[in-house]
Amino acid sequence: MATRNLGGFLVLILAIAICEAASVFQPISDSHRSAASELFTATDGSFGSLEEAYEALRSFEILGIDKKSDIRTATCQSVVDKLGSSSSAPKDLFYALKVNSILKCKVNDKIFEGIAARLNAIANTASSLLDFYHSIGSLVLIKDQSSEVDVLLADAGGIFHSIKSLSQSDGRWRFSSDNPESSTYAAGLALEALSGVVSLASSEIDHSKISTLKSDILKLFDSVEKYDDGAIYFDEKVVDLREHQSPLSTTASVVRGLTAFAAVTSGNIKVPGDKILGLAKFFLGIGIPGNAKDFFNQVDSLASLESNEVAIPLILSLPATVLSLTRKDQLQVKVNTVLGSSAPPLTVKLVRALSSGSKVASTIESQELKFDKESESHFLDVPKSVDVGNYIFVFEVVLHDSEDEKVYATGGSTQVQIFVTGVIKIENAEIVVLDSDVGSIETQKKLDLAGENSLALSANHLQKLRLSFQLTTPFGNAFKPHQVFLKLRHETKVEHIFVVGNSGKKFEIILDFLGLVEKFYYLSGSYDIQLTVGDAVMENSFFRAIGHIDLDLPEAPEKASRPPTPAIDPYSKYGPKAEISHIFRVPEKRPSQELSLIFLGLLFLPLIGFLVGLLRLGVNLKNFPTSAIPATFGILFHVGIAAVLLLYVLFWLKLDLFTTLKWLGLLGVFLLFVGHRILSHQASTSAKLKSA
């Protein structure tokens, strides 16, 4: 078995082992604030739509980012235009009012009254869930923004029944009576719309309807999906892809609907606290979404969970899941709400710690962590019974006030994977060359695997090579790392890798060269010896050269397999290329300068002959116009002719065909104009002379 870069592979394995340890959920942090500023960017002080503007403003509001002044002017103008237009759709009015609830734009109460009348009519005649959602949601927003406008629903019970008629037996809802498909996403919209109906009702809604709806909510949670880390989410199962929503948007819709409905109804909705905590873990486990819509759904849902009437989830987080015995690190635990707010008075207990090699016996007894008010963290010194290794720490959060147990959800016990690292002792390391027959030691060398080694050994095919060493933890226990490899590399770059086995603390490998001659392709010569020992919890993992051994192997038989061709470096194609040399054709011999000048003179003979001919014939200038304007056109006409002749000369000397044609076209238009004028004048003059 061969490899090109075992060291890089070792580092990669150690990094992955730590990164994939266990899901540790962290509340919203400054990373989200930085991402929000990058994801939500306005162009000339405005966003593409009021929906986008609301999502940006709401995200900024939740995260405590003040950017209202940057977009207020342009966005408020869009809000006023939408609210003032009689043709605005309910969805446009809904998001205009949403934006106005944050920016507090100057909107006249008369505009609110006109909108409220339209929306009330829509709510009473609507047949689709989205019409109910937008119209009722808009009326709730008007109620919050203007106390002078009457937005109460006279027939709240009838509207409640109309929306409830779209529900299904499994807790999901339809978007309309014409659409048979059930949707979990629609269930969230329906709950939010019904909460608006309850808050806008002019008379109290029948309690039996409220109780039935609470039962539907519990049925909806029966279809929840779950991850191994305790995170739960809702997945859309709509067949029509046009209405399909991602798990993030679907879960966000349910959370908004659940918290909104719980806020306007009396009595608890008996959703288990661990499921509310599971929803929070789902949103936090996503990290930072890469697009604005998902980012808004995440932070808006977490804000809904931050303060709700069902149960407020508390998140147990660890700033570090790797503890070093060398640095004497302390175990640090924080408990906050999903947005990072302080938790009520509570105690964090480390119930047990299970080693990766044992799922039953705990290495520690139950211990209570100490609370530090300044950092709002719980601390514990790593117990002495915890050695280097991989553990599952089980924590329990206990609220001090029994009343807080009705408000907050702690989720019972929380399991976190912890890596306890340390410096591993390497002792009794030696390399020995043995005789095959009697096993006597021919050469024995001590090794310092913590430092540099440069050994020179020699052996033949009748001998053996033995490498042995011991690994112990800081507490003296046997340690078995993930990777222990011995590599022999021939001078022709052919490599052979062997796994070093162990028995307790001792690691040993014996290479019998007689049985390895075929594997070594009968290649005699110098072999570099390299040892790799690595583990995620071993702070002094190494990839070290020990020295070299000169092997004297027998000649290869005719039918013996040949060594593999050395692998080609894939990056070699990006290296410098060979220089390309090109020999140009030798220019042909040119005539002498004198001959060229004589030929040039001969070229002017036709021009000279032309001029002499004009003089011999006599140039007639009597018909040249004498008045100013015709004379000007005459001069320009002859100048244009001269320019065309000059252009031909330039074409002969330096210009290309396309440039010459371009200028010739321009000169042609010019000559057409001035030539027409001068010839018209000449024709007019000739006609007058004949008539006279």
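Cβ atoms here come from the backbone N, Cα and C positions, even for glycine.
TrEMBL entries are annotated by machine, without manual review.
Residues or ranges marked as signal peptide in TrEMBL: 1-21.
As annotated by TrEMBL, domain 'Ribophorin II N-terminal' applies to 28-306.
Taken from TrEMBL, the feature domain 'Ribophorin II second' applies to 314-420.
According to TrEMBL, the domain 'Ribophorin II third' annotation covers 427-551.
Summarising the annotation, TrEMBL assigns domain 'Ribophorin II C-terminal' to 584-684. Model confidence over the domain 'Ribophorin II C-terminal' (584-684) is summarised by a mean pLDDT of 84.
The transmembrane segment annotation in TrEMBL covers 595-619 (among others).
Here TrEMBL flags 631-651 (among others) as transmembrane segment.
The transmembrane segment annotation in TrEMBL covers 663-680 (among others).
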Beyond the flanks of the transmembrane segment (631-651) by 6 or more, those residues with Cβ under 8 Å of it: 624-625, 657, 660, 663-664, 667, 670-671, 674-675, 677-678, 681
Same-chain residues at least 6 beyond the ends of the transmembrane segment (663-680) whose Cβ lies under 8 Å from its Cβ atoms: 625, 630, 633-634, 636-637, 640-641, 643-644, 647, 655
Secondary structure content of the domain 'Ribophorin II third' (427-551), with strand meaning DSSP E or B: 4 helix, 76 strand, 45 coil
Secondary structure content of the domain 'Ribophorin II second' (314-420), with strand meaning DSSP E or B: 5 helix, 56 strand, 46 coil
